Amino acid sequence: MSVVDRVAAPPAHRLAEIFVDRRAIAQNVQHFAWATQTPIMAVVKADGFGHGDVAEIALANGATWIGVATIPEALRLRAQGIAAPILSWLNPIDADWESAIAHRVDVAVTSLEQLYAVGDAARPETGPARIHLHLDVGMSRDGAPSDIWSALCVAARALEDAGRVRVIGIMGHLSVADDPTSTQNDVERLRFVNGVRVAHARGLAPSELHLAATAGALHRPDARFTLSRVGAGLYGIDPAGIAPLIPALTLTAPVAQLRRVAANVGVGYGHDYTTREATTLAVLPIGYGDGLPRAAQGSAEVTIRGRRYPVVGRISMDQIVVDVGDAAVELGDVALVMGPGSRHEPTAKEWATWSNTIEHELVTRLGVRSSRVLRTADARWAR
Ligand SMILES: *Cc1c(COP(=O)(O)O)cnc(C)c1O
């Protein structure tokens, strides 16, 4: 068996890289503003769904609010100079309410305990805490259960009178918006409308009413109210798979090693794959430690020089092996692992299908170790 090894030269840029196409994010935000005719809250939680700092791009292209899950995420944005209204909606009872109030971070409130905690943190010099009462309209996840809603509204009104909170908004979150025709959306929308009615009857006058996230904003005009909280859509993901959004993320990895092997050679841990004939194997320095899903084994492909090749054997922590056959692939060629699909590369949607997950999870998990380049994708990876 003749095995020829060609080992890569010392690292110039031997790393996987993530490119974030700022133009795509800009165009996606513009699409939402145009298609919904509703103010947009750009949801940038979890490091912008793995895309890095995108709040500024979103605000420059029509978003007027920023949404995050946690107060630390919101404070980080304030430290970066983001001045737009920011809402944090997943706040533990002992959250840093003082900092949130001091930095004008709006917080969602789902219980009386939370309401009193945030009200207690308000100081005369900072003014009242800005809160959004969050009603659970059907997810049975976060949000106030309907049986405490009236009491929550009454207590919030009392704290408003005491100058401790200001109810800026009322929010809900749809559970099956990715299926726009489901009647469950009608049920949940009605619960939201009733919740708003109860709040008004208890003396609250919130200016912001928001129920829709990406799928609701796109496909359920009746769920838009005064504001749409758009996360996935910013990055090019439509959970319903209908809207013409542009995936913003491209993941590349250079060919770090090429190896000619004979037929009947086992590849990778467990020898799950055996070569059928003599072929060339290319090693890419990216694996599940970088967020590639191990479950994509057996289906995954990458694109090199415009052609698709199968990822063979197990996906390791740091590397994958690609069977490139007899193709003229060279060391240093840049493989497109994932992208918008415009260069025959696999999309996040394909990777999600291969690994039985959703695009959201895939893009959010990428990049622990990859270097991220936040700029318009350019010719560097387009060869
Ligand atoms: C994550 C999240 C969003 C954004 O949802 P997308 O479907 O990604 O647009 C909106 N609202 C809440 C409460 C969320 O947790």
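Every residue, even glycine, has its Cβ placed from backbone N, Cα and C.
Given the structure is predicted, the values throughout are model-derived calculations rather than measurements.
TrEMBL has this to say about the protein:
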type	residues	note
ACT_SITE	Lys45	active site, proton acceptor
MOD_RES	Lys45	N6-(pyridoxal phosphate)lysine
BINDING	Arg141, Met317	substrate binding site
DOMAIN	248-375	domain 'Alanine racemase C-terminal'
ACT_SITE	Tyr269	active site, proton acceptor
Next on the checklist: Under a three-state reading of DSSP, tell me whether Lys45 (active site, proton acceptor) is helix, strand or coil.
Outcome noted: helix
Item to check | DSSP state at Tyr269 (active site, proton acceptor), helix/strand/coil | outcome: helix
Checklist entry - Under 8 Å Cβ-Cβ from Lys45 (active site, proton acceptor), six or more apart in the same chain: what's there? => result Gly67, Val68, Ala69, Thr70, Glu73, Gly231
Item to check | Neighbourhood of Arg141 (substrate binding site) by C-beta distance under 8 A, where only residues 6 or more apart in the same chain count | outcome: His173
Checklist entry - Among all the protein chains here, how many other CB atoms are within 10 A of the CB of Tyr269 (active site, proton acceptor)? => result 10
Next on the checklist: Helix, strand or coil for Arg141 (substrate binding site)? Use DSSP.
Outcome noted: coil
Checklist entry - Near Met317 (substrate binding site), how many other Cβ atoms are within 10 Å of its Cβ? => result 12
Item to check | Length of the line joining the Cα atoms of Tyr269 (active site, proton acceptor) and Met317 (substrate binding site), in Å | outcome: 11
Checklist entry - What are the DSSP helix/strand/coil residue counts across the domain 'Alanine racemase C-terminal' (248-375)? => result 23 helix, 46 strand, 59 coil
